[in-house]
Amino acid sequence: MQDKIPTIAELRELSLRLLTKIPYLKMLVLFGSRATGNINANSDWDFAVLYDEEKYNLYIQNNPLAAFVIPGILGEIFKINSDKIDIVELNHCSKLIAHFVARDGKVLYEEPGDEFDKFQQRVLLSNTEIKKIEKTKLENIENFLQRWGV
């Protein structure tokens, strides 16, 4: 792997090579600290992927381990350590994670060209919705702790 950290522009250019190895990819987004610029020596690489479900399901039939090799493919093409890569599948993630990807993410690849705009329109939450989700999560944690006598 290289010592040089690739720029967003370099990642966008390199991402065009992904389709040969991930033919069901519709969108790739960098999010988290690398997208916001709040990085440190231990920062990982958070990527969100959106797949064409039909193509993905057909591909998985012949390549059952395909989902597990995505970090390796991204690491190889972007020349970054695959152990530092986290993948979120936007087809199956929580509303809150999808919101943060839509709010803070940097699109590296999308097909068709307005996929990220459509995604943002679908998943961006209002402050009221975020507070409601956070309240529900806190209540769930409190209930769990009470059941365990903590």
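Cβ coordinates are placed from backbone N, Cα and C, and glycine is handled just like the others.
Among Asp86, Asp104, Asp114, the residue that Swiss-Prot places alongside Asp44, Asp46 at the Mg(2+) 1 binding site is Asp86. Within the chain carrying the motif 'GSX(10)DXD motif' (32-46), a Cβ under 8 angstroms from the stretch's Cβ atoms is held by residues 74, 78, 80, 84-86, 88, 104-106, all 6 or more beyond its ends. In this structure the alpha carbons, written CA, of Asp86 (Mg(2+) 1 binding site) and Asp46 (Mg(2+) 2 binding site) are 5 Å apart.
Least packed by the Cβ count within 10 Å, out of the recorded positions Asp44, Asp46, Asp86, is Asp86.
Taking the mean position of the Cβ atoms of Asp44, Asp46, Asp86 as the Mg(2+) 1 site, the remaining same-chain residues with a Cβ inside 8 Å of that point are Gly32, Arg34, Trp45, Phe47, Lys84, Ile85, Ile87.
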